[in-house]
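> Let me begin by handing over the structure; questions about it come next.
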Amino acid sequence: MPDTLSSSDETLQRPPMRQPLRWLWVAVAVIVVDLTTKAIASSQLGYLQPVEVLPFFNLTLMHNTGAAFSFLASHPGWQRWFFAVIAIGASVGLTIWLSRVRADEKLLAISLPLIIGGALGNLYDRLVHGYVVDFLSFHVSGWYYPAFNVADIGITLGAIGLIWESVMGDRRRRKAHRASL
């Protein structure tokens, strides 16, 4: 028997997760918390008026017409639809991926909906307002990290989970394969 396991053999040996789409509740939770906090921030904060919470953390209402770090924010408006298409495509693709998650990929089953929820939370803002509401602002000694929101936190945590699962999942599968020889 060869020492390597082909991906098709590996797929056959690992049982599929039962009802992997049940994890979409994570996406719904991200969307609900994101939209709720954005609504509160929009109704309670003055635009670009920082409210100090801690010496290094402010609540500051901002409108971002771009993407992360205000990427493409200075363009005339086409980016709204560009980022909307990306969010929809990514959400569909990640949902399909989620539907194929295996039983031993629980971190993946949580990470994908975190990204989906974040993408759809920001998509809602883009379609309804034409910009994304950001309000969480960290700073140190005059340096300000770009403002963000709960959807961005979901996307970031999901991406970290994907990276972790990619690295550690491969190690776990190789170890399990060696043990089965």
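Even glycines carry a Cβ here, placed using N, Cα and C.
Annotation source TrEMBL lists active site at Asp134, Asp152. What TrEMBL records for 20-41, 78-98, 107-124, 144-164 is transmembrane segment.
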> Mind checking which residues of the chain, 6+ beyond the ends of the transmembrane segment (144-164), have their Cβ under 8 Å from one of its Cβ atoms?
30-31, 33-34, 37-38, 60, 62, 64, 68-70, 107-108, 110-122, 132-138
> Who sits close to Asp134 (active site): which same-chain residues at least 6 apart have their Cβ under 8 Å from its Cβ?
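For Asp134 (active site), the qualifying residues are Leu61, Met62, His63, Asn64, Pro146, Ala147, Phe148, Asn149, Asp152.
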> Which of the three DSSP-derived classes (helix, strand, coil) applies to Asp152 (active site)?
helix
> Determine, from DSSP, whether Asp134 (active site) sits in helix, strand or coil.
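Looking at the DSSP assignment, Asp134 (active site) belongs to a strand.
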